Each structure stands twice: as structure tokens, then as C-alpha cells.
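J.: For 12, 92, 181, the entry in Swiss-Prot reads [4Fe-4S] cluster binding site, with the evidence type sequence analysis. For 40, 70, 119, 209, 210, 211, 251, the entry in Swiss-Prot reads isopentenyl diphosphate binding site. Here Swiss-Prot flags 40, 70, 119, 209, 210, 211, 251 as dimethylallyl diphosphate binding site. Residues or ranges marked as (2E)-4-hydroxy-3-methylbut-2-enyl diphosphate binding site in Swiss-Prot: 40, 70, 119, 151, 209, 210, 211, 251. Taken from Swiss-Prot, the feature active site, proton donor applies to 121.
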């Protein structure tokens, strides 16, 4: 069994920055709180909670409130700044650019955002500008529209959505903006290419991570694919595959990918190298 690891694995810069900042604050002895997962990865969150991070909405539980990488509505951010002695905004810069773009273009047409309505990033966006958030094409009486996307969406799926919307409706003016994170687009491209030579694709990441789910769907088009959060989830029959490729979401630590590779090696796999992890 040949093991190949994608070049682009591990944290993206936004996730890396968020985790490093929280760890530094905790190391300074500060009581750090947030209102949800900093990033969508169970192991990462368990580690931060063990180090002292608290998930709470009670101001008495902490001195520093950290805003998650997905962002929060602007009005909520202002309220938090009045409650806590210190608020550290860890919104990913690319996500924040989406919020700014939504506000800037809201006067030019109805905002239609390709994304999951209940995703934290989309909840935050609607605090910056009113928008329709959906993944399903629909008929509308709107004549002027602006298309945006959740930053972790599949570029191909976003384009298909916009194409269907234009076919279904009679827009007088439709503005299409690519607001998908370039880091996730590059991983998407690599998965589409590398999975073609794989018998099995192992996608490593949190089960409620949008960008990891996207990679899993893409890998499934070209090979058998499994989505795991830990090495323990790798099935015993993996040994029947000749070439196994390993991919990861942007909130997956390199240490977890190394553990997955180690488990595959224990199952008679031979590591054929890549540029993504240290061996």
C-alpha cells in the first residue's frame, strides 16, 4: 500500500493565527472565553479547553473574549466590547473581507449568498448586510442581484448555483463575485487532481467542518473516499487499496495528519513522501 500525502495540508493562516493567539493569551494567565468553537475541529478544541479556554456567555467567567475565526455580527461585537475588559477579534481576514464586500455591494442589488444559512460565518455576515443565504437555486422576482459565496464553499458548486439561478430567473443585472478563500480553492484543485491516481482518499478533519466536507465530496468523485477525525476511524480493510492519498481541511493540525500516516504505516503502508508534512 502506497501512502501519498497532499502538499497542502494542516492549518490555513487564519486558523493558525486564531489558535496561536488564544494559546498566547492563556499562557499569559488570562481568563479567556468565547461563545463557540474557535475552529471546527474537535481535537483542537479539546486541547484549548484543557489549557483553560472557556465557552461561556457569562462575562464573569473571563477577562478576555475572543471572536471566533468565523466572525460574529457587528452589533454583537460592539456589545461585547462594552461588557469585557478586552475583546480580541480573531475573524479570519478573508472572512472579514467577505463581510465588507457584502456591505459594499448591498446597495447594488439583492445579496444572494451561496452557503449554509446556519453556519457561523453566514450568521455573522447577515449582521453586516441583509442577504438570502441558500445552497438551492430558486425563482425570485428580484431584478438586480449580487452573488457572493461562503468562503469555504466549492468553487465548482458555486458556479453551478449561479448558472442555475440565471437560467431560472429574468435578472436585469447580476453581479458575480468570487469570495471563496484562495487557500481552500487550491486544496480543492489538488484534491481533484491527486484523487484521480488514488484507490482510496482519506480526508482528515472535523465532521462539521464545511471545507473538509467539500474536499470529501470532491475526492469521492474520483476514488473511494473516507472522512476521518482521528486515526482510530481508519477501517482495517484499508490494506486492500494499492494507493492511499491523504488530504486535510484547513482546521486540521499537521500532528493529526502525521498520526493518520503513522497508523497507515502500521497497517503495512509505505510512505512515499510529499511536501506537506515532516517525517
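Here the Cβ of each residue, glycine as well, is placed from N, Cα and C on the backbone.
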J.: When you measure from the Cβ of residue 40 (isopentenyl diphosphate binding site), how many other Cβ atoms are you left with inside 10 Å?
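T.: I count 28 other Cβ atoms within 10 Å of it.
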J.: Cβ within 8 Å of the isopentenyl diphosphate site centroid (40, 70, 119, 209, 210, 211, 251 excluded): which residues?
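T.: Along the chain, the qualifying residues are 39, 121, 152, 206, 208, 212, 249, 250.
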J.: What is the separation, in Å, between the Cα atoms of residue 92 ([4Fe-4S] cluster binding site) and residue 70 (isopentenyl diphosphate binding site)?
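T.: Distance (Cα to Cα, whole Å): 7 Å.
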J.: If you measure from the CA of residue 12 ([4Fe-4S] cluster binding site) out to 10 Å, which binding-site residues from the list 70, 119, 209, 211, 251 are inside that radius?
T.: 251
J.: Can you grab the distance from residue 121 (active site, proton donor) over to residue 40 (isopentenyl diphosphate binding site)? Cα atoms, rounded to a whole Å.
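T.: Residue 121 (active site, proton donor) to residue 40 (isopentenyl diphosphate binding site), Cα-Cα distance: 12 Å.
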J.: How big is the Cα-to-Cα gap, in Å, between residue 151 ((2E)-4-hydroxy-3-methylbut-2-enyl diphosphate binding site) and residue 119 (isopentenyl diphosphate binding site)?
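T.: With distance taken Cα to Cα, residue 119 (isopentenyl diphosphate binding site) is 11 Å from residue 151 ((2E)-4-hydroxy-3-methylbut-2-enyl diphosphate binding site).
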J.: What same-chain residues, at least 6 away in sequence, bring their CB to under 8 Å of the CB of residue 209 (isopentenyl diphosphate binding site)?
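T.: 40, 41, 249, 250, 251, 252 - these are the non-local Cβ neighbours of residue 209 (isopentenyl diphosphate binding site), listed in sequence order.
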J.: Which one is closest to residue 181 ([4Fe-4S] cluster binding site) in space, judged by CA to CA distance, out of the binding-site residues 119, 210, 211?
T.: 211
J.: Write out the long-range same-chain contacts of residue 210 (isopentenyl diphosphate binding site), meaning residues 6 or more apart in sequence whose Cβ is under 8 Å from its Cβ.
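T.: Counting only residues 6 or more apart in sequence, the Cβ neighbours of residue 210 (isopentenyl diphosphate binding site) under 8 Å are 40, 116, 119, 150, 152, 153.
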J.: Please list, in sequence order, every residue of the chain apart from 12, 92, 181 whose Cβ lies within 8 Å of the Cβ centroid of the [4Fe-4S] cluster site.
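T.: After dropping the recorded site residues, what remains is 13, 14, 15, 69, 93, 94, 95, 151, 152, 183, 184, 250.
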J.: Using DSSP, would you call residue 119 (isopentenyl diphosphate binding site) helix, strand or coil?
T.: coil
